[in-house]
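To start, the structure under review is shown below, and the notes come after it.
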Amino acid sequence: KMAAAGGTGAAAALWSEVNRCGQNGDFARALKSVNKILQISKDDVTALQCKVVCLIQNGNFKEALGVINTHSKVLTSDVIAFEKAYCEYRLNRIENALKTIQSASQQTDKLKELYGQVLYRLERYDDCLAAYRDLIRNSQDEYEEERKTNLSAVVAAQSTWEKVMPEDLGLREATYELCYNSACALIGQGKLNEAMKKLQKAEAFILFALIFLQDVTEEDIEAELAIIHGQMAYIMQLQGRTEDALQLYNQIIKLKPTDVGLLAVIANNIITINKDQNVFDSKKKVKLTNAEGVEHKLSKKQLQAIEFNKALLAMYTNQADQCRKLSASLQSQSPEHLLPVLIQAAQLCREKQHAKAVGLLQDFADQHPANAAEIKLTMAQLKIAQGSVTKACMILRSIEELQHKPGMVSALVTMYSHEEDIDSAIEVFTQAIQWYQQFQASQTRGANPKSPVHLSLIREAANFKLKHGRKKEAISDLEELWKQNPKDVHTLAQLISAYSLVDPEKAKVLSKHLPSSDTMSLKVDVDALENSHGATYVRKKAGKLTGDNQQKEQGQGDVKKKKKKKKGKLPKNYDPKVTPDPERWLPMRERSYYRGRKKGKKKDQVGKGTQGSTTAGSSELDASRTASSPPTSPRPGSAAAVSATSNVIPPRHQKPAGAPATKKKQQQKKKKGAKGGW
């Protein structure tokens, strides 16, 4: 009894220590006291509960869950359901946490709160929304603001991932979390400018907290701002401002935030901006998406998008095996998804295996008829790239849900025209027009009004037939159009023009339906048209005329002002006393006095005989013997200048006597200095 009494007193002191440490938040010290109590009584339910709570508060979730499982006979689900579910939730065992909550006999408020968090992580947003609404309706405590924040987060997730139009919850955006969630919902709706304003408002809330609140650290502020700035950069990227977005993304990465989910999203977005460029940077950024714990921070669609981009990056970096491995893994996870098979087909095309790529796409289209349209469009594109335009047309025409679309009709007609298959092009028009006729009849219960798209197709068909000489078929279409709108003058004019080539009498009859020229006259302000900005000719505004000028203007109003002719320029050697040569306009060879060039006249006189000997004509070349020559060296060309005045042929100039020899020396020098090319 003494020992028992002593043990009871010691336990009481330990419980007092546990209570005091719990109130002070010193759970590590409290855990030591609880362990001492369990040494005294190992199956004490209260002590075991306190131990689990202390381990949870210290972040030892795995150890806490081990204690619960070890003492499962004592710690039943009724006693410790919340703690067990919370440990499973924090250990990312979300499915187990859901089972634990659902197996609890009593659903407390704590379990309901955790239930909402679990449903959000499982992306069961409709059930999550109902759970939070029930909590807000039936709870009145200091956590109401947190519940509203979670409710807005669910609505934002629905808008972003499920493309559900969010309902107005009537929440007052009094915190930055509410502003941020509202911005995310707006991004899901495509309202990017409004979303940016909400994010700027959230940023202002955080900066206000940094300035005025004492218990907020600068690290906390930077972490929250990084999330907001990341979302701002995403909006810029969606708006096409990729340079601004890239700059902001890199600024966030330089801050090295601890949120691995944020870093993974930013790295993925940078990779999408880089595409097939700057692949070295993309390979560095892809490492951030492989960080530990990323899979628990992001939604399934975010993780899937990251995997898609990894496969594309492998393709861009010519890692064919890695690309095939990633795309095959994605296809096994989502067999109905288009992107994995499209990536595989793109990789095959890079390897020049177009036929294999088309076969892969065809197999997918057969297995998943719901997605066959997009796949067949890709198949048609591959056929066009191979030059098989006719086969591409066959594939496109097999897409029944798109056959009648104006874009598809236009593409098919263009392709058939390129192949000069006019009959097939007209058949495409006919099928589309018939589809609209049947559709309109089913919608209007037998009535036959034409929709604008239907009428537009008929008109395009008529124009195409006229262009390719199918006049009778075009006349049928034009008559249908005119029947729908007898006041359409343009259609009537086309119809008359077509009949004029086939049945002129019918054209004359129809021309009576044309409006008169008086009714067709257009009221055009000529002055306003001439003075418009785009006018190529603008009439000058007449100035005020007074007195003699006005009379002169009136008298000479009909006389055109003549332009003054400029006097022609005379040649520099023009002599008015000399009659110009009447043959000066003819080429020199065609003139009557042309005798041809005198070649070799002095060759036979100079340079003959032995070296140093003189010839009979050498005395004629000695200028010193002439009486008129000065004793100094003669000037080349002086003799020619004298003889030029005796022969009266002004346009023809004789060369100076020394010119041929000088020119010959220059040519020799030129040849000596030249390096090839002659």
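Cβ atoms are placed via backbone N, Cα and C, with glycine included.
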Annotated stretch (coiled coil, per TrEMBL) among the listed ranges 94-149, 486-541: 94-149
Tertiary contacts of the repeat 'TPR' (226-259) (same chain, 6+ residues out, Cβ under 8 Å): 176, 180, 183-184, 187, 192, 195-196, 199, 202-203, 206, 265-267, 269-270, 272-273, 288, 297
Structural state census, the repeat 'TPR' (226-259) (DSSP three-state): 26 helix, 0 strand, 8 coil
